[in-house]
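Novice: My structure is below; once you've seen it, I'll send some questions.
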Amino acid sequence: MSHSKPDTVSAVLARGRLGIPSVVFFVIAAAAPLTVVAGGATTGYAVTGVTGIPVAYLVVAAVLALFAVGYVAMSRRIVNAGAFYTYVTRGLGRPAGVGAALVALLAYNAMQIGLYGGAGAVTAQFLADRYGLDPAWWVCALMVWAVVAVLGVARIDLNGRVLAVVLVAECVVALVFDAVMVSHPAGGTVAFDTLAPSHVFAAGIGAALVTAITGFVGFEGTVVFSEETKDPRRTIARATYIAVAVTGLLYGLSAWAMSVATGPDRIVDAARADGTDLIFNLVSPYLSQSVVTVARVLFITSLFAALLSFHHTVARYLFALGRERVLPAVFGRTSRRTGAPKVGSLVQSGLAFAVLVGYALAGADPIVHLFFWITVTGGLGVLILMTVTSAAVVGFYRRISHTEGPWRSLIAPLTATLALGGILTVTLREFDTLLGVAPDSPLRWAFPAAYAAVALLGIGWALLLRTANPEIYHAIGLGADSDTGPLRAPDTVRQPA
Amino acid sequence: MTSTPGGEYAPHLREHPVPSRPVRAVGSAAAHAMRLADEFFYLAHDDQTGRPRLFESALAHGLAAALLAELHWEGRITFERGYVRVVRNAPPKDWLQHLVLDRLIAEPQHTATRTWLAFVATTAYEQVATRMWQLGLLRQHQVGRWWRQRTAYVPADMNTAAWSWARLSYQLRNYQRLNAFDVALAGLAMHTQLDPILLDGAPLAARTFLRQQVEQAHPPLRDLLADLGAVVGGAVLSHRTA
């Protein structure tokens, strides 16, 4: 390294680069802490009837931190590192990659569309309480949908500074609520029952674990920013660990605090009775009404931030797949004036609209049937993706020559694969508990089967491309870099056929 | 690399065979030696109002790629497998080309094409606009309300500004082979997603023809264009409103 040479290039490019806090803010905003605390955790208690939700959040945080070790290490060596299917392509081959891509599309769409149920119901409730209006949940959901659809195609994201302020406010509110709840325990004693590690081996833990994973979805987005950070090696890794740690502790603490306030034996009944109002009802006797109102507004804004963030995620996936021409090339086009991946954005909005109308016509419950069922199904999809991605990290490092130590290239990803695979197994076994349906209900198989179907479809499509259109086949996983595919090898690895 | 960069294509640069049928006022066009970045600037802005037809990062990176391509055609640099290499140090006549080349020579520790695209993109818009304004190709205009006034550039002559658009659009729709300069310009448009303005309403075959023409570009240019496409795509993927 020479220090005598001028380095204007580095200096100029360093301007406007992201530091650790910005990256953390962007991804935690997508995970939407208040949505998880007020919506996910309470509905999780209510639908699954499992009291081990708090410990599940902590266990999942630990497993995801382990997963992040190999994931972040591999992200530095590949292009299009923002998408899970790229890892799968590089580690396990192109057919598996396309299968993963379709699973990801389904999963993120499910996450996003499910959130409309929460946003619609919570907004309707808020308008009813505050202003005495009585709109149907789907009217509110469609209003939110319209705003997301417009912002999506106009490529407007929430401003980083606004996001940071809202996020900090959300965390402060959650912590204040936790303090209030813990200082007013049911029966006068603070109980730690819901944090007992024994829950990990109790019945229904699979349902609790996938509920917890759903709350973390979005943290994997740190790597999208890897080329825009000051120090890609450190910034992304640290931001990812910080995001997982902060959200994990916050979720675990808040879910536990709720069980303290109601008493561990009553938390499930209380959650069933109050739904997403539980946390607000528990603290309102001890706090001024305006604080609770602000918290309710923040709940809605956090849902909105998550909706917009997952909308952009789906549009990005569709764009990357369109650029590779795995999906029709029209998905790879952007709006000339805004640079929005407009076709992907419009298709996602169209799909969400159809689902919302379907739910409204069917008269289904927005919180249980849309918000909880569909987002945890999304969580299941992301769990599948993370399991496969973790295995792909192991496969990737076995095939290249590298200087990465055994911890990052083998031990951590392998352990994470086993842990995530274990969670996946119990989740599938207990999917009836998760949905709160009878053990012989066909629904318990319908949701997981959808993932199997699209994965097979993707694998079949890739195999078809291999014979019919090798040029496209070879660009799989390159995303926006697909133009460079025919000219150079994407990385030092020989791709499996 | 077998050919000298720019060598075999150099004659095309300053000769622009007028298409067999005149398109818009031909007489007013191509009075000066055309430069790629200037022509791309025209293509990417409305010929009358000067309003951009392309989103900011694509425009900036497209102009940066155009400036690097100019240096390539002056025989100063070449592109290979994602890296830029300086092949001749002699200063170019044009001050802007000179400025960019000086940076490339002064900071040899940076070799990735994408690094240079990103670096040149930070200043390319102002620089290219200034160069064109000095030649009288653009006029400066104050636009915006008083609280957010800024300088905008408007083409001095609409026909000059529309010339490359008209030429490319006409030739592509009529499946006429493009010369090297136009291949580069069309390639820049294609990789910044500006090509719909060239092919608005044209049959799908015209789009295929454009792709074929661009794929026949000189290998170093194709290498530069691939990186441009990747950088613009990357900007779409990692977009955020900061």
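Glycine is treated like the rest: Cβ placed from N, Cα and C.
Positions annotated as domain 'Amino acid permease/ SLC12A' by TrEMBL: A:23-461. Residues annotated as transmembrane segment in TrEMBL: A:23-47, A:53-74, A:95-116, A:136-154, A:161-180, A:200-219, A:239-258, A:286-308, A:343-364, A:370-397, A:409-428, A:448-465.
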Novice: Any residues 6+ beyond the ends of the transmembrane segment (A:136-154) with a Cβ under 8 Å from its own?
Specialist: 116-117, 119-121, 123-124, 127, 303-304, 307-308, 311-312, 315, 335, 338, 340, 342, 345-346, 348-349, 352-353, 356-357, 359-360, 366
Novice: With pairs 6 or more apart in sequence, are the transmembrane segment (A:239-258) and the transmembrane segment (A:448-465) linked by at least 3 Cβ pairs under 8 Å?
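Specialist: Between the transmembrane segment (A:448-465) and the transmembrane segment (A:239-258), which are separate recorded stretches, there is no contact, as judged by 3 or more close Cβ pairs.
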Novice: By Cβ distance under 8 Å, which residues at least 6 away from the ends of the transmembrane segment (A:23-47) in the same chain are close to it?
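Specialist: Answer is 53, 57, 115, 118, 122, 158, 160, 163-164, 166-167, 170-171, 173-174, 177, 207-208, 211-212, 214-222, 225, 229, 235-236, 239-240, 242-243, 246-247, 250-251, 254-255, 258, 267-268, 270-272, 274-276, 278-280, 295, 298-299, 302-303, 305-306, 309-310, 313, 367-368, 371-372, 375, 434-436.
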Novice: Given the transmembrane segment (A:448-465), which of the listed stretches A:95-116, A:161-180, A:343-364 has the most Cβ pairs that are under 8 Å apart from it?
Specialist: A:95-116
Novice: Mean pLDDT for the domain 'Amino acid permease/ SLC12A' (A:23-461), rounded to an integer?
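Specialist: PLDDT averaged over the stretch: 91.
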Novice: With a cut-off of 8 Å between Cβ atoms, can you find at least three pairs linking the transmembrane segment (A:161-180) to the transmembrane segment (A:286-308)? Only pairs 6 or more residues apart in sequence count.
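Specialist: With 3 or more qualifying Cβ pairs, these stretches touch.
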Novice: In terms of Cβ proximity under 8 Å, which residues at least six beyond the ends of the transmembrane segment (A:409-428) contact it?
Specialist: 60, 63, 66-67, 69-71, 73, 205-207, 209-210, 213, 380, 383-384, 386-387, 390-391, 393-394, 397, 402, 434, 448
Novice: Among A:53-74, A:95-116, A:200-219, A:343-364, point out the range having the most Cβ pairs under 8 angstroms from the transmembrane segment (A:370-397).
Specialist: A:95-116
Novice: Please report, as numbers and ranges, the same-chain residues at least 6 past the borders of the transmembrane segment (A:95-116) whose CB is under 8 Å from any CB of it.
Specialist: 35, 83-86, 88-89, 141, 144-145, 214, 217, 303, 306-307, 310-311, 313-314, 317-318, 321, 326, 348, 351-352, 355-356, 370-382, 384-385, 388-389, 392, 450-451, 454-459, 461-463, 465-466, 476-477
Novice: Should anything in the same chain at least six residues away from the transmembrane segment (A:343-364) have a Cβ under 8 Å from its Cβ atoms, list it; otherwise answer none.
Specialist: 109, 112-113, 116-117, 120, 136, 138, 141-142, 145, 148-149, 152-153, 155, 311, 314-319, 322, 330-331, 333, 370
Novice: Against which stretches of its own chain does the transmembrane segment (A:200-219) lie, if we need a Cβ under 8 Å and a gap of at least six residues from its ends?
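Specialist: Same-chain contacts beyond the ends: 27-28, 30-32, 36, 40-41, 44, 48-50, 52-53, 55-57, 59-61, 64, 68, 111, 240, 243-244, 247-248, 251, 306, 309-310, 375-376, 378-380, 382-383, 386, 423, 425-431, 433-434.
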